[in-house]
Amino acid sequence: MSTSSHKHNTPQMAAITLLGLLLVASSIDIAGAQSIGVCYGMLGNNLPNHWEVIQLYKSRNIGRLRLYDPNHGALQALKGSNIEVMLGLPNSDVKHIASGMEHARWWVQKNVKDFWPDVKIKYIAVGNEISPVTGTSYLTSFLTPAMVNIYKAIGEAGLGNNIKVSTSVDMTLIGNSYPPSQGSFRNDARWFTDPIVGFLRDTRAPLLVNIYPYFSYSGNPGQISLPYSLFTAPNVVVQDGSRQYRNLFDAMLDSVYAALERSGGASVGIVVSESGWPSAGAFGATYDNAATYLRNLIQHAKEGSPRKPGPIETYIFAMFDENNKNPELEKHFGLFSPNKQPKYNINFGVSGGVWDSSVETNATASLVSEM
């Protein structure tokens, strides 16, 4: 917000002022929210090519990107973009990487070192939502060995000070989440989670966590209110000692922090590797709910949770609606339609453009900052 006392009473400046006010009123404001990234999924048959996608990230000033596998077309397009990348090692490769260092070295050479430093890889996410209580249980015994091998290979490549190795988990691993201070990993999964926590603690890497208040709400609307899920509850919903919770996102996040502490990982940070809200396809999945959740999530990421105040590095799921995903609601998480038209009104950063879901505009966030 400009502190200048100068007044410019020309018609042109009046029009600019009016435009800026309208943009401030209508946009999901991410000005200064450097902790926000967006996940780039590719499960659609009508998506833009990689170069167009990365140009879209750049033109919207989206400075962080999650990539679910080392797609070389996307990595080529990312060269020189200055976008920070969370690079996924897919579940299908975990067992192979765990089986020997030679495989980890090859993977790091082909997918990391060959693109470094032109591509700013920040994290390697080894596996996504591998868990002993889901359909990925067959991979659980291979996950930590795969993480260790990739970590060693990254170190051998001379990138140990630049790239952190972790894994992305979901909330199925949390056995107790209420109240948040009593959060703990499932007793029947501790054999799986404890080695992961120890690895992250020892390597000073964060745990990557996919947090979706939508699924908690839609699965139990009688107990979890929509306002609590959308960051719009007018009053405190959960009083946990001295900590007050007005939204489900914070409660979920802090329950994982508590679980980490109970597992010897008090020093382990958290990156929210996915969060979003579908705009169609199931109960509670509406355009208005999705817009409200995204607006408030983006704002809240600047602030932190009751347990851990401060910016929360958060990746919105996802960049596009992806028509090859199932079930139906999974097709409707995108910030953009496949034709690159925005679904919502969002402003990514002080140097990026404000964009409108009905009409594209060349107005910049610096213009808005003059109001």
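Using N, Cα and C of the backbone, Cβ positions are placed for all residues, glycine too.
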Annotation pyrrolidone carboxylic acid in Swiss-Prot: match it to one of GLN34, GLN109, please.
GLN34
Per residue, counting other C-beta atoms within 10 angstroms of the C-beta, which of the active-site residues GLU129, GLU274 reaches the highest number?
GLU274
